[in-house]
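I have a structure I would like to understand better, so I am pasting it below and will then ask my questions one at a time.
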Amino acid sequence: MTAAEWLARLRLWAEAGWLRRLDAALAGFLAELDPEASPVLWVSAALLSRMEGHGHTCLPLSPLPTVPNEVLNGPTAAAEALAEVWPQLPATLPAWCEALRRSPCVRHGLQPDTGQPLVLVEEGASAWLYLRRYWLHEQSVARAVSQRCAAITEPDRAGVRHWLDRLFPDALPGPDWQKLACAVALRGRLSVITGGPGTGKTYTAARLLALLLATTPEAARAGLRVALAAPTGKAAARLKQSIDTALQALQNQLGDTLALAPLIQRIGAARTLHALLGARPDTRRFTHNARQPLELDVLIVDEASMIHLEMMSALLEALPPTARLVLLGDKDQLASVEAGAVLGDLCRDADAGRYSTDTARYAEDAAGLRLPDDMLAPGDLAPALAQQTVMLRTSRRFSGPIGQLAQAVNVGDADRARQVLRAREDQVLTAWEGVPAARVCDLAVHGRPGAPGGYRPYLDALADFQPLPSSASEAERQAHHAVWVKRVLGAFEGFRLLCAVREGEWGVGGLNRAVAQALERTGALSPRGEWYAGRPVMVTRNDPALGVSNGDIGIALPACVPAGETSALRVWFLEGEHLRSVGVSRLAHVETAFAMTVHKSQGSEFEHTVLVLPEQGGAVLGRELVYTGITRAKRFFTLVSARAGTLEQAMERPTRRASGLRRSLAGQSGA
Ligand SMILES: Nc1ncnc2c1ncn2[C@@H]1O[C@H](COP(=O)(O)OP(=O)(O)OP(=O)(O)O)[C@@H](O)[C@H]1O
């Protein structure tokens, strides 16, 4: 086929939905830059772009010459279309790479960076293709992580032990991983604390802050600059609240021996990563970078699984080399919406430990811990990053049926998951499978046996506004209104529909419409037009000017106005205990939020969580998605699926994001 025919074929595939238009357009762009190139370049570029759209940071080339459909992962018609043209492409990886190397659009080997749009990486019998930007981000993250892992300081072990014994007074039967996490974070410039829900990641982070304060010379304590951050506003507010609560409880435990109050005051509000780095409108650049680093000594970042590669690169670049970065997150949760699976990549050794004898000795001296023999690794098999990574293994609030189900899903044990679901202990768990989408609306309106209510308590709170008598002062009216708004927002957190997909009757859009109509039929809502009292919305774009972040959830409610005046609708957001509102006309980028994606629910928990699985979920319907959905449930969990067996199918499929971060880390210094 000629170049024009190849490009036309790629456009056809985009029209069929097997590629995105953007993917075919990238191929067209490269054909303009290098009209003489082999079709390998255009096909690879289109597939690479498609992979990026699915969250991968690179395209593994090894399967391409023989099993291209593994990459396109499309329906039968797509496989047939590929089979028709593939014989015209090289049949071996070396020939494929050779064709790419011939193009000036592809940087390879030790070639200097002259702005080539693609980068080819070859190692042994494998090869990967990158978009330049992701290659640079990956290299920059690997370099920064390695440098931070190498910057180990040697604290006074006896002093650390003294404080750790006070901070963790309870003797546990096995190793106290929380204690180890504190000890490890104290000696490094980077540490990763991972663990499932309720394993005490923030509890540990609060103790780490106390340990840092206690081991800082007294004269320097007042100058210790600590910041808290998370990828979303909601997660940031939750982190701040948990850290404050934990530090206050710790102060009571420690008495006068260590003054934590000044630290609590100094920490300030937790911010989104965008706000911390100083996001600038209409650009992907930030105010803070290597030339203008953040002014802080300790940064704790929660929900790190949501951080994508580009953001991690920007964060590491903006951190001064002397600052300590502590990443908290659940490595088994869904990876970020945008490309990369950074926390998963950083935590690859977390289960196994792979601690060196040096780390074992340090754990014994500084934390009084004997690490299990099977978690130790000989010198060259003990990567530097593993020494700075600790996995917390005991959940304090997640031991019931929801925890058991989450655990079974996480390890891919379908029989066990089924058994737990069938047991329906105290009706905490229920599965409705092979049902029509309308059943989801029933759940939203009434709840279910064992977990009644659905959105009813929120609607009741909405209807329950009793105006104060006209004699009430302005301050009294405002306070009374704020109590009501908080009650409505609090009640809304009691129930949530989480979807795997956005489109279709089982997706976010379809269910939001259906639920709003079902609630309207009960007379509890009057959704006339776009905005109505009680409309829950999710912000879909950061807007620093309005102070709202992507993922924030608020509810449209009337403002507090004097009796007799008409009150305009405002969207109310709760940040910790603090209420904020924005006029509805100023919020351009929002969507209704009765149903939301599992992705967007990360960092939130709801009393009753409903996970909705469609008939066809494609590649998105994987194990991490189900695990993340289940672990959002505080008291009740309901699975609703269009087809029986979807759960098992999803569990069989752990999502593997193509990424070279581990390889790049190993290439840096064995990190
Ligand atoms: N060692 C401990 N001793 C007593 N209580 C603990 C301990 N560790 C954690 N907890 C308690 O367990 C609960 C969960 O802890 P925490 O919120 O820190 O977990 P987490 O891993 O940050 O959870 P998530 O990220 O899922 O919200 C909290 O109430 C906390 O006080």
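These residue numbers are counts, starting from 1, taken along the chain as shown.
Every residue gets a Cβ built from N, Cα and C, even glycine.
Marked as domain 'AAA+ ATPase' by TrEMBL: 187-450. According to TrEMBL, the ATP binding site annotation covers Gly195, Gly196, Pro197, Gly198, Thr199, Gly200, Lys201, Thr202. Taken from TrEMBL, the feature region 'Disordered' covers 650-671.
Looking at the shown structure, what environment does each listed feature sit in?
Listed in sequence order, Ile193, Thr194, Gly195, Asp302, Leu328, Gly329, Leu392 are the same-chain residues at least 6 apart in sequence whose CB falls under 8 Å from the CB of Lys201 (ATP binding site). A helical conformation is recorded for Lys201 (ATP binding site) in the three-state DSSP classification.
For the region 'Disordered' (650-671), DSSP puts the residue distribution at 11 helix, 0 strand, 11 coil.
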Across all the protein chains here, work out how many other Cβ atoms are within 10 Å of the Cβ of Gly195 (ATP binding site).
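Taking every protein chain into account, the count is 24.
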Report, as a single number, how many Cβ atoms besides its own are within 10 Å of the Cβ of Gly198 (ATP binding site).
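Its Cβ has 18 other Cβ atoms within 10 Å.
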Using a 10 Å cut-off, grab the number of neighbouring Cβ atoms around the Cβ of Thr199 (ATP binding site), all chains included.
22
Give me the long-range Cβ neighbours of Pro197 (ATP binding site): same chain, 6+ apart, Cβ under 8 Å, in sequence order.
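Once residues fewer than 6 apart are set aside, Pro197 (ATP binding site) is near Asp330, Ser395, Arg397, Phe398, Gly403, Ala406, Glu605, Thr631.
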Filtering Gly196, Pro197, Thr199, Lys201 (binding-site residues) by proximity to ligand 1: which pass a Cβ cutoff of under 6 Å to any of its atoms?
Pro197, Thr199, Lys201
Tell me, how many other CB atoms lie within 10 A of the CB of Thr202 (ATP binding site), whichever protein chain they belong to?
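Excluding its own Cβ, the number within 10 Å is 21.
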